[in-house]
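Sequence annotations record features per position, and here Swiss-Prot assigns phosphoenolpyruvate binding site to K22, N23. The UDP-N-acetyl-alpha-D-glucosamine binding site annotation in Swiss-Prot covers R93, D306, V328, and the record cites sequence analysis as its basis. Taken from Swiss-Prot, the feature 2-(S-cysteinyl)pyruvic acid O-phosphothioketal applies to C117. The active site, proton donor annotation in Swiss-Prot covers C117 and rests on sequence analysis.
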Amino acid sequence: MDKLIIRGGRPLNGDVRISGAKNAVLPILASTLLADSPMTIGNVPHLQDVTTTMELLGRMGASLTVDERMHIEVDPTTTHDFVAPYELVKTMRASILVLGPMLARFGQAEVSMPGGCAIGSRPVNLHVDGLAAMGADISIDSGYIRARADRLKGARIVMDIVSVTGTENLMMAAALARGTTVIENAAREPEVVDLANCINTMGGQISGAGTDTIVIDGVETLHGCHYDVLPDRIETGTFLVAGAITGGKVRLRNTAPATLDAVLAKLEEAGAQMNIGEDWIELDMVGRRPRSVGLRTAPYPAFPTDMQAQFMALNSVAEGTAAIVETVFENRFMHALELQRMGADIRVEGNTALVRGVPKLTGAPVMATDLRASASLILAGLVAEGETLVDRIYHIDRGYECIEEKLSQLGASIRRVPG
């Protein structure tokens, strides 16, 4: 099992290109099942979750090719097996995203109950109840969600809680349904908007994405197209924190600043100087120690839960004390224990972590517990005195493309070693 070895204490400096968004490319790959002809997806990040999704589509019979630029062509017309098996789904919760499009396009689907990051309950009932409201015959049996429908019918669906994958699954299913579907209390994330834009490019009729009410007028068929995935706002935020925590100056290219308002506001509150263009962000923290920032995670457009761990690392070496409140997922403070091993002063009570900044962290062996937790440990390692060894980095490969190469490009001392 690979590990990362980091020698801290080097301010980062330089520019780096941001990859396509993991949380956008996975539903967009699932949406290719809706098309009646081949699709090409561009700006695809080279990630383990992308590989898993491609393997899942291939297992179902779709034909896939990848070129040297990581453009993925998917021909869904050869799909013949409508099962998403446990051995693939258990590694990635996003596998449930094939349920809606598979049912809408082929009238049947069997998807194993999902796995992925160990960060709490993410119930599938929102997906199941929404599809049932659209006329699907659904059962959960032997760990599988089994669904059938001749053709789904438009429905008014009110989501009990805001769910990104729930919104995406129902939006894809509704794209080929008969009539109009209205999703209320819908997720507003930029990745939901990107999926809607992709489906509309395929000939769909979706309006309201980015608001809490999405209207989908079902169409008879959707065609293949070329679509470029939007830049990854979480990778962007992570590299901005890397610049801030090390007292560096970084410029990020091929990003989407408009998707990052809450994160950029917190970085400015921490004392970072920011320059922002249409598709680039420059952060300057040279010669300054960050100030502690309190934050509360919530669905978009509020502060993203996927940036909570990175800001905990930043607060660990900041001036002052601040509270971090996690409202989206339970059990998402596992990185706090590992940061404490490096000397961080963190007290966790329920869904709140109180972080008192210390002058320095010390390198130590630490273990990644989930995707964003692993990013926080790398960030802590970049600023710690001495050597930090991060174990179980397969988590990081699920969501960050070539992270050690990009950080090295900015001047970090970081290398991957085999386990």
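The backbone N, Cα and C atoms fix where each Cβ goes, glycine too.
Here the binding residues for UDP-N-acetyl-alpha-D-glucosamine are R93, D306, V328. Their largest Cα to Cα distance works out to 16 Å. Shown are the binding-site residues K22, R93; of these, the residue with the fewest other Cβ atoms within 10 Å is R93.
For N23 (phosphoenolpyruvate binding site), the same-chain residues that are 6 or more apart in sequence and have a Cβ closer than 8 Å to its Cβ are V164, E189, E191, D232, I234, D306. Of all Cβ atoms in the protein chains displayed, 21 besides its own lie within 10 Å of the Cβ of V328 (UDP-N-acetyl-alpha-D-glucosamine binding site). Take the CB of D306 (UDP-N-acetyl-alpha-D-glucosamine binding site) and look out to 10 A: across all protein chains shown you find 23 other CB atoms. Residue pair K22 (phosphoenolpyruvate binding site) / R93 (UDP-N-acetyl-alpha-D-glucosamine binding site) shows a Cα separation of 13 Å.
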